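Features of the protein shown, as given by TrEMBL:
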type: ACT_SITE; residues: Asp10; note: active site, nucleophile
type: ACT_SITE; residues: Asp12; note: active site, proton donor
type: BINDING; residues: Asp10, Asp12, Asp206; note: Mg(2+) binding site
type: BINDING; residues: Lys181; note: substrate binding site
Amino acid sequence: MKNYKAYCLDLDGTVYRGTEPIAEAVDFVRRLQTEGIEPFFVTNNASMTQRQLHQKLSRFGIETAESQIMSSALAAAKYIKRWYPDKTVFVIGSDGLHQALAQEGITQVEQDADIVVMGIDPAVNYEKLATACLEVRKGAVFLSTNRDLAFPSERGLLPGNGAFTTLVAASTGVDPVYIGKPEGHMLDAILYEHGFVKNDMVMIGDNYDTDILAGVHFEIDTVHVNTGVTPMEDVMKKDVQPTYLLEHLGFWTI
Ligand SMILES: [Mg+2]
């Protein structure tokens, strides 16, 4: 197996399952750290702040710097700062997104925005969606943290950010730029900030349609682990194969 400089690990289904750590993944992170390599954690979850994700990893015995964690909320904020500096933003989203934008020094407004950005918002309502539609119709750039149409909860599958984003897209006829996986923006943010080249990087995850395709779209190596969403036998039927297929990260030799 090749040695990389930037190991980009998905979280849910790869490092933990909900509230339970995946022991082989925690050990894999420790083995990397023993070699002096700090892995990156790359999640589509835009509702939790970097600090909340950091605390969750810490509870599972993973000690890392907050700056090693890349969420779709943070990547959206970094994308705006890099490509639309000094522009104002109207936000539909929760703490994770609001804090990420504040952290990057981006001004949030309630009207006349240059950019509309959407993330999962449990307090979403008609008025917020109406404002998003009006701003997009007035020419605001339209961004969204991720495409997830539904996400699992104890009550069953609940509507995800992609469902609300689709509503605004359908009403306005404007398609958004999605930031989260399977797009490569989060990986690009890591490359750009740390000065990596694509050959240095590998994306590791359990979900073929998000994690593996993000790596494929960004043209870096990928590792599918059989610890979460996509069963290995389903991955093996895909036209585009990950670079490596592993039962779990215990099989990765560094
Ligand atoms: Mg996952």
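The backbone N, Cα and C atoms fix where each Cβ goes, glycine too.
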Q) How many whole Å apart are the CA atoms of Lys181 (substrate binding site) and Asp10 (active site, nucleophile)? A) 10
(Q) Given a separation of at least six residues and a C-beta threshold under 8 Å, show me what packs close to the residue listed as 'active site, nucleophile' in the same chain. (A) Phe41, Val42, Thr43, Lys181, Met203, Ile204, Gly205, Asp206, Asn207, Thr210, Asp211, Gly228
**Q.** Least surrounded among the recorded positions, given as Asp12, Asp206, when other CB atoms within 10 Å are counted
**A.** Asp12
Q: Reduce the DSSP letter at Asp10 (active site, nucleophile) to three states and note it down.
A: coil
Q.
Beyond the listed site residues Asp10, Asp12, Asp206, identify every same-chain residue whose Cβ lies within 8 Å of the center of their Cβ atoms for the Mg(2+) site.
A. Leu11, Gly13, Thr14, Val15, Thr43, Gly205, Asn207, Asp211, Thr227, Gly228, Val229
